[in-house]
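Quick look at what Swiss-Prot annotates:
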ACT_SITE  ASP328  active site, nucleophile
ACT_SITE  GLU357  active site, proton donor
BINDING   HIS247, ARG326, HIS423, ASP424, ASP468, ARG472  substrate binding site
SITE      ASP424  site 'Transition state stabilizer'
Amino acid sequence: MRKEAIHHRSTDNFAYAYDSETLHLRLQTKKNDVDHVELLFGDPYEWHDGAWQFQTMPMRKTGSDGLFDYWLAEVKPPYRRLRYGFVLRAGGEKLVYTEKGFYHEAPSDDTAYYFCFPFLHRVDLFQAPDWVKDTVWYQIFPERFANGNPAISPKGARPWGSEDPTPTSFFGGDLQGIIDHLDYLADLGITGIYLTPIFRAPSNHKYDTADYFEIDPHFGDKETLKTLVKRCHEKGIRVMLDAVFNHCGYEFGPFQDVLKNGAASRYKDWFHIREFPLQTEPRPNYDTFAFVPQMPKLNTAHPEVKRYLLDVATYWIREFDIDGWRLDVANEIDHQFWREFRQAVKALKPDVYILGEIWHDAMPWLRGDQFDAVMNYPLADAALRFFAKEDMSASEFADRLMHVLHSYPKQVNEAAFNLLGSHDTPRLLTVCGGDVRKVKLLFLFQLTFTGSPCIYYGDEIGMTGGNDPECRKCMVWDPEKQNKELYEHVKQLIALRKQYRALRRGDVAFLAADDEVNHLVYAKTDGNETVMIIINRSNEAAEIPMPIDARGKWLVNLLTGERFAAEAETLCVSLPPYGFVLYAVESW
């Protein structure tokens, strides 16, 4: 066995409390190197005749990526504390892996050899809102969704959909427009909407906030927002707003005071200013988002800034009953601020959803004291490469997803925000080269995978567009210009996700990933409920074997309702190019 590939640490994604009674312990080994792993464990204070008392239990392999196998044990220590190690076997070889290294037999004279989970404290649990696991999100860019009140449209706003957008163009989308189309969202099956910023700002995107306590007048007023939230809640739809706390806009009052009064401004320490007077060329002499001078970075460690922003966060929850905050550029704000942010909003509404925008490994923010989830860009990247661009093989795709899933605790994955497109990325149909079949596969994967899926407005009807601003076109409301077949496909998948708990909350296992014909088979299992997803990501028809012994089972085609008994040991499924099928597996 390759010792250098065997790895565990007693924290984060390798050792964590899944709930108030259960510990999840993971082990990493070289791919295809180890035959069998057992967890060796016991209470650190259980001794008899000078020997530590321990027991063993088998660990199960939960997946593999390109380099490693991952093993899991779920244990409920009766006294909520544990010392533990691992017994690995390959062929005739046996190793006992402990915190102090490798042994041929398990030491019993001192528990200090072993890994330690000192105590399972309920207060330390990572606890995301349970409702998020069942939510299907819909992201709305308010300026481009619908114009429900032309009287408040910006001066010079273009007729709806009359031309392609520019970085500075306006079309008059507003909150009333969203209210007017809630029935559309409810019909699709949406149970959560995520609004990009709605606070007063000069731009069309509103990420340059001028006043965090006011709705932008071109979007509506506070009464309109209250109506929107109330109507959404009546339809079982949650509402999440976008918080831009990393930076403000150029017109933000305190920054304007600094521009006016320079070093004498009482707000000068609200920002990261290197010297006075402020300059923007060749680059700003104050910290900004990227190098954008119109977006000065806020000093969130400053007590007044912290108090101001925490007041913002709690105000919109307390007064408008919103259900979540999406946090822009969350990784560039200090961890202490986010800890206090969580305490403040959770004290007000314990099941509020805290979602961070982080594009890289986000484990430091997902330990239970800051965020409930992050936007799952690694999943989106892998899905777009495999299904749309076709520059990733089936096995590479499965490996990538297993790596993502094993990078975080299970409950983190269950609450992950699984997007495929957004206001920052090209439209799905555009990335797919206009091939609707590929878009269907993307939605199939997204709506059957672990996590909380989010659809970007218009992707469900086949809207097109490249990078910003092309991906921010006006929503198409003319039925003749909507792809109704794609809409019905998405609607059916959402309905199946609601019907089958395994699709929402089940464990995922990749059963086959064939690189020759690029087919993929994975299963979602929750208790006795199993759904198999079989995909042909190829431009040729394929006969795909089901990689399970299905004898004695009923197979129900979830797309057609066809139900048949599996009598043969192996079954093959015939799929057209870019075809797919979902089977519920039921016992006779």
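Each residue, glycine too, has its Cβ placed from N, Cα and C.
When the binding-site residues HIS423, ASP424, ASP468, ARG472 are screened for a Cα within 10 A of the Cα of the residue listed as 'active site, nucleophile', none qualifies. Close to the residue listed as 'active site, proton donor', meaning Cα to Cα within 10 A, are the following binding-site residues out of ARG326, ASP424, ARG472: ARG326. When the binding-site residues ARG326, HIS423 are scored by other C-beta atoms within 10 Å, ARG326 scores highest. Secondary structure from DSSP puts HIS423 (substrate binding site) in coil.
Within the same chain, the residues at least 6 positions away from HIS247 (substrate binding site) whose Cβ sits under 8 Å from its Cβ are THR288, PHE289, MET295, PRO296, LYS297, LEU298, VAL329, listed in sequence order. For the recorded positions shown (ASP328, ASP424, ARG472), fewest C-beta neighbours within 10 angstroms: ASP424. Residues HIS247, ARG326, HIS423, ASP424, ASP468, ARG472 are recorded as binding substrate; their most distant pair of Cα atoms lies 22 Å apart. Cβ neighbour counts within 10 Å, taken over all protein chains shown, single out GLU357 as the most crowded of the recorded positions GLU357, ASP468. DSSP assigns HIS247 (substrate binding site) to a strand in the three-state reduction.
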